[in-house]
Amino acid sequence: MEEERLLEELESKLGIEFQNINLLVTALTHSSYANENKNAEYNERLEFLGDAVLQLSISEYFFKKYPTISEGELTKKRALVVCGMSLHSIGERWQLGKYIRMSHGEELTGGRTRVSIIADCVEAVIAAIYLDKGFDTAKNFILREFEGTIQNAVENKIILDYKTRLQEILQSKGKTDIKYTLVRHEGPPHRRKFFVNLNFDNDVKSTGEGYTKKDAEQDAACKALKGLDN
């Protein structure tokens with residue numbers, strides 16, 4: 001069966017063999033899929049738990065590894081490791097979009113490569129590992145998979161300001177009229193997602209999304225940068 005083969009393939013990539021494979025299935029299920037399949041569980045609750053497991057694991061690591069770094073600096077470095085863009089990079093390395101269950105409509109609109117969907121799914125997978133194997137296994141998994149990201153954060157090598165990079169490139173080409181416009185938001189107040197259009201050359205070049213307006217703007221800039229590369 002194709003779904004079973006894909007699950008085994010992802011388990012191999014993660015280096016985790018699940019006792020309860022349904023946890024992984026739920027972690028890989030987007031809400032759009034559940035909307036079309038009413039008995040399917042989707043991954044939002046796992047995202048919530050995975051975020052907490054990730055935050056604690058990274059916090060504990062930084063606290064023990066760097067006893068002379070101030071609380072404020074530790075907070076900044078942790079934020080770099082756990083931000084949506086970093087999570088998306090991890091998910092891309094796993095080719096996570098290939099395994100996510102989503103509606104046909106979501107897939108047609110680019111859901112398999114959408115930053116927020118991939119990032120949320122990474123958190124859900126972490127939660128699935130935590131529930132299946134316990135905290136120590138989940139923590140060791142995080143420290144292994146995020147090793148490069150952690151090191152880059154410590155060495156201040158993570159650059160997340162896509163807006164500035166895009167502005168520099170466009171200004172070098174004589175384009176200065178760059179606008180970010182909030183077009184809508186959706187979801188409950190505690191989990192509100194924002195959508196922002198990026199405009200230049202009198203045209204909408206990309207639409208970004210994120211759980212803050214700033215993240216949505218950065219996502220839009222990141223997508224526009226990829227478009228410039230193509």
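From the backbone N, Cα and C atoms, a Cβ is placed for every residue, glycine too.
The domain 'RNase III' annotation in Swiss-Prot covers 7-134.
Listed in sequence order, L46, E47, G50, D51, L54, L87 are the same-chain residues six or more apart from E123 (Mg(2+) binding site) with CB atoms under 8 A from its CB. When secondary structure is read from DSSP and collapsed to three states, E123 (Mg(2+) binding site) falls in the helix class. Swiss-Prot lists E47, D120, E123 with the feature Mg(2+) binding site.
A helical conformation is recorded for D51 (active site) in the three-state DSSP classification. As annotated by Swiss-Prot, active site applies to D51 (among others), with the evidence given as sequence analysis.
Annotation source Swiss-Prot lists active site at E123 (among others).
The annotation domain 'DRBM' is assigned in Swiss-Prot to 161-230 on the grounds of sequence analysis.
Other than the site residues E47, D120, E123, same-chain residues with C-beta atoms no more than 8 angstroms from the centre of those residues' C-beta atoms, the Mg(2+) site, are N43, E44, L46, F48, G50, D51, L87, A119, C121, V122, A124, A127. Per-residue pLDDT, averaged along the domain 'DRBM' (161-230), amounts to 83 for this model.
Within 10 Å of the C-beta atom of D120 (Mg(2+) binding site) sit 27 other C-beta atoms, taking all shown protein chains into account.
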